[in-house]
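Quick notes on the structure that follows.
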Number of protein chains: 2
Amino acid sequence: MKTIQTIRELQGILAEEQGKIVGLVPTMGYLHQGHISLIERAVQECDRVVVSIFVNPLQFAPNEDLKRYPRDLKRDLRLAKEAGADLVFCPEINEMYPAKPRTTVSVTELTHRLCGASRPGHFDGVATVVSKLFHIVMPNRAYFGLKDAQQVAVIQQMVNDLNFPVEIVPCPIVREEDGLAMSSRNIYLSPEERKKAVILYQTLCEATKQKESGQLIHASQAADFIRKKLEVISGLSVDYVEVLSYPGLAPVQELGQQTSIAAVAVWLGNTRLIDNVIWSSEER
Amino acid sequence: MKTIQTIRELQGILAEEQGKIVGLVPTMGYLHQGHISLIERAVQECDRVVVSIFVNPLQFAPNEDLKRYPRDLKRDLRLAKEAGADLVFCPEINEMYPAKPRTTVSVTELTHRLCGASRPGHFDGVATVVSKLFHIVMPNRAYFGLKDAQQVAVIQQMVNDLNFPVEIVPCPIVREEDGLAMSSRNIYLSPEERKKAVILYQTLCEATKQKESGQLIHASQAADFIRKKLEVISGLSVDYVEVLSYPGLAPVQELGQQTSIAAVAVWLGNTRLIDNVIWSSEER
């Protein structure tokens, strides 16, 4: 496995591999089993797998956790290699942004709700850096985890609208044994917060059961059900609970008529956690 | 020469030509000698030349001339073939925008002045459709005329910021015998307006002489000189006259210290005409 820091070197290597199927796994590093599952899937489906590790300042607001975002490149490289990656692209900030960027890729409508409402500008930063990575690597396939389901929807929309020649591969959420969705930010949690964090997935599972047994019929009922379960937890503050169509992220009335997502974001102390479950229209 | 209307067919043909140098000449059709010069240059420098003909609604404001923009596909195809194009891509609007696009590519700073000030949203429309065309064709080189000098600056900025794997080739303005810059919109001019239109280039040439002889020293002097020459023409209304750095389009003080552009836009009756001259810093 090669570790590469410059765009020029990466493109030089990739230029010699024309005709091969290239897979890209874009990450912000501090890899966990969720990232590993993306890399392993890419290894199965592609001839060459590029993992990018870049904590993208554009997608953090000034008040967010850019500075304290966890980093451990040495460990990341070991994990990426074990998972079968061929190339790890880990540029410095100056390599990705040699001057103040003046170009922004923006996706509307899909970004007004959920994390887009709580984190203004976040998805512009994501769409812009993913555009850059797509142009640098020119992958045939790019792998994204569905924990960030809104991100997947935004990127698929961008790819469709701008005719990017890449296939987006959404991959299932990977969870800890107790159900907590894997996230680099889980390391922020105190032991007590870590125990409480399991309530997100527990509540989403309960809502799924209630929906399947016909006790939750409307999207608003489901959102209320989830919100009430979360609000009673001490030290937890709800950022949002929404049940929307997926991937369109539009309001829905009755559940089951279209694929929808129940998405939650909460603060546990100073840590923001998100989770979701997608209910396909066929399941009902 | 093949004429192609669908993205799928175009990509199918281009996929079989991997390894060849592909040149793209994006146009809105109604080809004139300026476009032809771009195609001929591309033919010299590339193995395969794609000319796109698409009147892009995104770059027209509701009050602009989208509906009456001149079109003559049959003539365009003949001219493109004579110039040596291999493929003409002339999609319908529904092919380029099968649904309402939610994704916009925006370039800031460069777009606040000149045509960007007079035509809000215009350069977002340009950057977005050019992104689409670049992704559809994946050219090695793309050819743009310097009559739209701000467009060239915006697209080069976008390519740099987003790492598009394409070389932008700016090409000189092609003029009528009397100096009027070639433009599809010249056909709107009445015979009387057509005669008056020569004042744009005449004035830019006079300003260049005055600058070279040391009589125009500051950018503001040069802009005033040009403006006064234009304002006295009956039936002509000045939209803007600006002398700025190029391609940065920032204010400049003394001329000759950096490459700059003297750019004008005027209305002659209902027709908006633009022209410019670029003064390189070495020329002084």
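Cβ atoms are placed via backbone N, Cα and C, with glycine included.
TrEMBL labels come from automatic prediction, so no person has curated them.
Database features, via TrEMBL:
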- A:28-35, A:145-148, A:Val174, A:182-185: ATP binding site (BINDING)
- A:His35: active site, proton donor (ACT_SITE)
- A:Gln59: beta-alanine binding site (BINDING)
- A:Gln59, A:Gln151: (R)-pantoate binding site (BINDING)
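Across the structure, A:Gln59 (beta-alanine binding site) and A:Met28 (ATP binding site) place their CA atoms 11 angstrom apart. DSSP assigns A:Val174 (ATP binding site) to coil in the three-state reduction, outside any helix or strand. Sequence-distant contacts of A:Leu146 (ATP binding site), defined by Cβ-Cβ distance under 8 angstroms and a gap of at least six in the same chain, are A:Val152, A:Pro170, A:Cys171, A:Pro172, A:Ile173, A:Asn276, A:Ile278. Long-range Cβ neighbours of A:Gln151 ((R)-pantoate binding site) (same chain, at least 6 residues apart, Cβ-Cβ under 8 Å): A:Cys115, A:Phe123, A:Val126, A:Phe144. Residues within less than 8 Å, Cβ to Cβ, of the residue listed as 'active site, proton donor' and separated from it by at least 6 positions along the same chain comprise A:Val25, A:Thr27, A:Val51, A:Leu79, A:Gly145. In sequence order, A:Ile53, A:Phe54, A:Val55, A:Asn56, A:Tyr69, A:Ser184 are the residues of the chain that are 6 or more apart from A:Met28 (ATP binding site) and have a CB within less than 8 Å of its CB. Figure note: comparing Cβ neighbours within 10 Å for the binding-site residues A:Leu31, A:Val174, the maximum is reached by A:Leu31. On its own chain, A:Gly34 (ATP binding site) has A:Gly145, A:Lys147, A:Ile173, A:Val174, A:Ala181, A:Met182, A:Ser183 as residues at least 6 apart in sequence with a Cβ closer than 8 Å to its own Cβ. Under the three-state DSSP scheme, A:Leu146 (ATP binding site) falls in the helix class. A:Gln59 (beta-alanine binding site): 21 other CB atoms within 10 A of its CB, across all protein chains.
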